[in-house]
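Residues or ranges marked as transmembrane segment by TrEMBL: B:21-43, B:80-104, B:116-136, B:165-191, B:212-233, B:278-296. Sequence annotations record features per position, and here TrEMBL assigns domain 'ABC transmembrane type-1' to B:76-292.
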Amino acid sequence: MSTQVKQLAKADAFKGNRIKQDKETIAFNIIGYTLLTLVSLICLIPFWLIVAGSFTDELEIISKGFQLFPDTVSFEAYKSVFSTPEQIYRAYSVTIGVTIAGSLLGIFLTSMAGYVLSRKDFAMRNGISFFIYFTTLFSGGLIPWYILMTKNLGLKDSYWALILPPLLSAWNIILMRSFMKSIPESIVESAKIDGAGDFKIYQRLILPLSTPGLATIGLFLALGYWNDWFNANMFITTDSKYPLQFLLYKILSSAAVLQTNNGAYLAANVVPPTETLKMAVAVVATGPIILLYPFVQRYFVKGLTVGAVKG
Amino acid sequence: MSGKSGIIRELRQSKTLLLMIAPTIVFFIVFSYIPMIGVYYAFTKFDFDGGLFGSQFVGMENFKFLFNTGVLWNLTKNTVLYNLAFIFLGNIMQIICAVFLAQLSGKLFKKTAQSLMFLPYFLSWVLVGAFVYNLFSDLGVVNSVLKQLGLHSYDFYLHTAPWKFIIVFFSVWKGLGYGTVIYLAAIMAISDEYYEAAKIDGATIFQQIRNITLPLLKPTFILLILFSLGGIMKGQFDLFYQIIGSNGMLYDATDIIDTFVFRSLTVNFDIGMGTAAGLYQSFFGFALIMIVNFIIRKTNKDYSLF
């Protein structure tokens, strides 16, 4: 009898819990969906503002400022950008060239270094690893580096000044090394018995097995090169060698004006779009990343997740 | 066999491997180790024609000046406080987003939200600079809204106060997606059994998060915090430079060591002073990493950096 009562009471308590649980789950869902929607919007709105700004009429900007929803839609800024597109095209080709060259060379050197340091039969691996790792702990700083680049290496106004500095990073090499360490050692050993040389093992066996790692490093490198403006700011002095982001920076900081046919505007007594032009150039300079984004993001998440789980 | 011939044999055996890593070694010697010699500029009155050893040696003069004028103190304070805000607010936001993303059920919603949160990570700081201009310039959206509400417009570029929040906001904003992915991966690694057991015991979703998710995230959280604490003397130059630029009005609240060194090189041509500030930064950053690592080693050896 008493056990029955107890059981009933327990069932009641369980039901009570259920109801409470459901209520809390609903509360949790409401908070979660609201918060994440808000955060997502905050991540998206600045874009919207730039795009809206680029399609606004210049006179409206001057009288009312940038708005979330412009009263009139105007394509003037884009017409301006594409009326004399040489400058943009040149900046695009510099960025694309530097990104491709730098990423490919970077992947090649990083993967080779990672492979060598992952080989347990390589006696100097710990010494060299520390030699590389130490550069993340201590550095000479910006100024000695700048003087070396310009005075000693003569890289002022050279494309090499854009390609070389981001080429190798200690973090990428360490990441690559840990990735390759997870490849079973027996593969290397059996290949050695078959008479394969060290480079052949790297090229024929390790590289194909490291595709996810290579993709992650490649994406990191490519993103870094695509978005780099700092090295151009430091070393590039000729307009025609500006990469995309640096051209955008110059136009934003009003240190340069896009070479459009402003004369035509003056003759026609129309305000040349400068404020909206800045936004249009921002859109044009960002374009490819946005188009590639959904595709690239998947790989990034995968690469990051692998790295995080491995620790 | 003597030790020496052993080394030679070793070198000969791993000739290919050494050749393969040679470019990397050369790279780090040239771009990282040779500039370390250049910290000597910190002790000179720099003379461009003289070069490294042709400049006049002045000992600790540059450091004394930086200390006595209080410049270094202000720079250190800004660098450290901004980084602390970035680290703690950033990680907390990332954890909150990761916890919700892990527990909500709408698949499409989760995917979309995660994609949107990751988007800022892919943008250049130059574009973020464009955002800030679009939002806060005198023609910016914020002022348009203020005007439409019949309020006075606010000249952001004349006041230091709002920039602290703007800078911290954009730092957290840009790193949100990246960190969320890391925490999400850590949550996904938690065994389902814990949650199922908790559900049978009647734990509500909040109780599950408080008693299972958060405690199990603690190691990841501590590790990430400690990692970032090591770099607390290093500023995010891109962030500060693209948002503030060379607006001297705002330096009091927004100048960090990195922007000061950059200005010493490109605006004031104060090579000795700038190198001194850079050396101070490297030195204290190095000491900090050593201390942090020592503490981690003492408490939990698995987490230590080296």
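Backbone N, Cα and C define each Cβ position, glycine as well.
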With the transmembrane segment (B:212-233) as the reference, which stretch in B:21-43, B:80-104, B:116-136, B:165-191 has the largest tally of C-beta pairs below 8 Å? B:80-104
Same-chain residues at least 6 beyond the ends of the transmembrane segment (B:80-104) with CB under 8 Å of its CB atoms are 110, 113-114, 117, 167-168, 171-172, 175-176, 179-180, 182-184, 186-188, 205, 209, 213-214, 217, 221, 224-225, 228-229, 231-236, 256
Below 8 angstroms Cβ to Cβ, which residues of this chain, lying six or more residues outside the transmembrane segment (B:116-136), approach it? 97, 142-143, 156-157, 162, 166, 170, 173-178, 180-181, 238-239, 241-243, 245
